[in-house]
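Student: Taken from TrEMBL, the feature Mg(2+) binding site applies to B:43, B:62, B:562. Here TrEMBL flags B:65, B:556 as Ni(2+) binding site. According to TrEMBL, the feature Fe cation binding site maps to B:65, B:559.
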Ligand code: SF4
Ligand code: SF4
């Protein structure tokens, strides 16, 4: 019988009380109701540490950097105690054939029982020669580990959607993971994803199994809401009060960044509610417009600092300059925007999981 | 008879790197090859886009140094458009850049490099009392009681007993090249874990000003975060207090943990003198006095220059814009130039990067006499050079920068080695620590300068006069700029050409391209390759000595190999500074 997570932490001298505290904390972190805590406890008491093989494909290692920033659970606990991170290019001690062997041993020992975490896309142009390890293409290496894994986590927008190297004209034919496999894939987009979201997905699998996914294979628990719907600048959007230039009076008072190019209205991510780096801040709060980094193809949305022309989810195209005029002039414009936004929210509520097509709609209008 | 040993992947780096060595009958490395095995094509993707967005695309060259490409890009665009950013923006960007340095170097030391010198398994048999004594004798770092070290050791023991060794599995534990006493090994492993916790803190400085880390946000013309000490939605005293606390903590970590550990570990490896490499060092320079513009090169903490053959008596001038100074060659690279003349290089403004993969579909060994990497071979006036912390320390020393001289002499004195001993694997690792010591204090000075400037009534963070592309028109003219910085891994330069308000050409010449360079037709090797030659190995199939030297450069291969530009582009007009 293999050691369970609880047995493991017990050996480390962690008290029952601390273990329960930990369970409560991760339940909250996963956005679950406190009444589910006993389920978390039960899962951790009966489940062993899951082996994780974490592979780097076409990437910048930003996701791994984010991964090691997780505060809940504490990063060392995650890497050493909660999972068995048996292969990770950026962290593992062994190199070369010893490193490859480590992954191989896990694969053999835990057939059907390990998680394959992928960071980066896979290039398919010219037979895949644009990214190779050990003289093999990334596709060949992916196939080796995909076959026997329990599930695949596609960390970051590269693995989930192709991301920056897949932006027009996609010179290496960078391809997202889900297009290359029939295995269950959990997409965790973001460039990079929030650390606690990355850890949260693993914790979720550890405790409850694979989380419920939307049609883009994203865990609903972290990607259910638009940035725009949880944004603290939202009252200013509704009131038609917009920043017109970084550093103007509105910028200092925290008005809406829509006219500075904010993609919050078309972006599904946890930034506005979880914030970044232990809840310190997030792009829009800091005064920087959302770039939409968790959306498919966001690099081709058009110039970043230019206003979205269309209210997402509707066919209403409105002129943000008119909305801006509401600040000095007729308050009615602000009301109109509010009404439009409410329509959007209603629509979002109705077909939550099809809202991702908004991004596609947006992309169609992009010139390149 | 020499034998070939292949190490692929090189782990604990950024990106995909393959190293092959030829080892002679005495197990000494006779020749070496380094191959960058991934390319993404970002520069081609940039063509036709809005120059104000370039920082975001090129920031994704690297998620480890997460901010330096954005900075070089902003500087290139602002150079091309002749934008002078406000003083506060300069200060905030410098604070972010310095934060990047401190974070990156500490993480490199503990998480990417230490395990080459520290035997984790040996820490299991250490006496925690002894570790505690050593810890207290070298530093006033608070977590140093015997009980504390015993707890860590117990945790480690139960981890090892679980049989699931995770990131520590199948490594080189017990290798004869490990020299630390077990008590020091335990100290280092403990700080590995502490540094892992701390590193997620210091980056919050990026989060406060740039919204997130990795990949904080930026904007051409200044910074987007507004300053208003009377607003709850801008940089106010509460935010500044947070930043100050994080900086003070970083100073403590560097001075009481990183530097003492570095010196303690180095003192056991003083006879490991390998890895000198080329002996040519180059810097582009950065860190103008707090609040000064990047163009104020005279006030740099790290000045620019080139040292040849380890000769510190002469520092040669380097120009980023002179086509004779910096050229890139492709003779041993899976790329080709349209005019196809062997041995002829190109300056980045005339640069081309066309895929020409001539390697096999799958391979066991690469042929050193033919193209073997995606990495270009950049040269300064025809010389292969090394860039990075060691180059910065040596050029600064040679140019007589007071702070650099002081800290370098202190380290050489403490370790009781001559200055020339720094030109080695160990010296490269030490130089990284020394500059962190300087930079963490510069971080505090820069923060103080920001507070003083705000106090003096200046809250401007953004210059909008040239943000609107319609203001860029200069009839019939192509705009061209260069942006540079000293990134943690070395001199970084981005080159941009703007036409009709769009990017016409973009080229980045990055630190790891210099260091991971393949050979050229004159037979000159890049820094990684040169540094490996002559190193004896205990067992060529346990290549600990190889990864020691390679890691001392802190490789960043996604940085080194990111280009592709399928067409040659004409550049009509040069409009740059320097
Ligand atoms: S998703 Fe973003 S952070 Fe992650 S690897 Fe890709 S570019 Fe880097
Ligand atoms: S447009 Fe952006 S800044 Fe404005 S409310 Fe929406 S998410 Fe927030």
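Cβ coordinates come from backbone N, Cα and C, glycine included.
Automated prediction, rather than curation, is the source of TrEMBL annotations.
Keep in mind that what you see is a predicted model, and the values were worked out from it rather than measured.
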Student: List the residues of the same chain that sit at least 6 positions away from residue B:62 (Mg(2+) binding site) in sequence and have their Cβ under 8 Å from its Cβ, in sequence order, or write 'none'.
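Tutor: Non-local contacts for residue B:62 (Mg(2+) binding site): B:14, B:68, B:69, B:556, B:558, B:559.
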Student: How long is the line from the C-alpha of residue B:65 (Ni(2+) binding site) to the C-alpha of residue B:43 (Mg(2+) binding site), rounded to the nearest angstrom?
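Tutor: If we compare the Cα positions of residue B:65 (Ni(2+) binding site) and residue B:43 (Mg(2+) binding site), the gap is 18 Å.
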Student: What count of other C-beta atoms do you get within 10 angstroms of the C-beta of residue B:65 (Ni(2+) binding site), across all chains shown?
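Tutor: Result for residue B:65 (Ni(2+) binding site): 32 other Cβ atoms within 10 Å.
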Student: Helix, strand or coil at residue B:65 (Ni(2+) binding site), per DSSP?
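Tutor: The three-state answer is coil.
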Student: Select the most exposed residue of B:556, B:559, where exposure means the fewest other Cβ atoms within 10 Å, treating these as the binding-site residues.
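Tutor: Selected from the binding-site residues B:556, B:559 on minimum Cβ neighbours within 10 Å: B:559.
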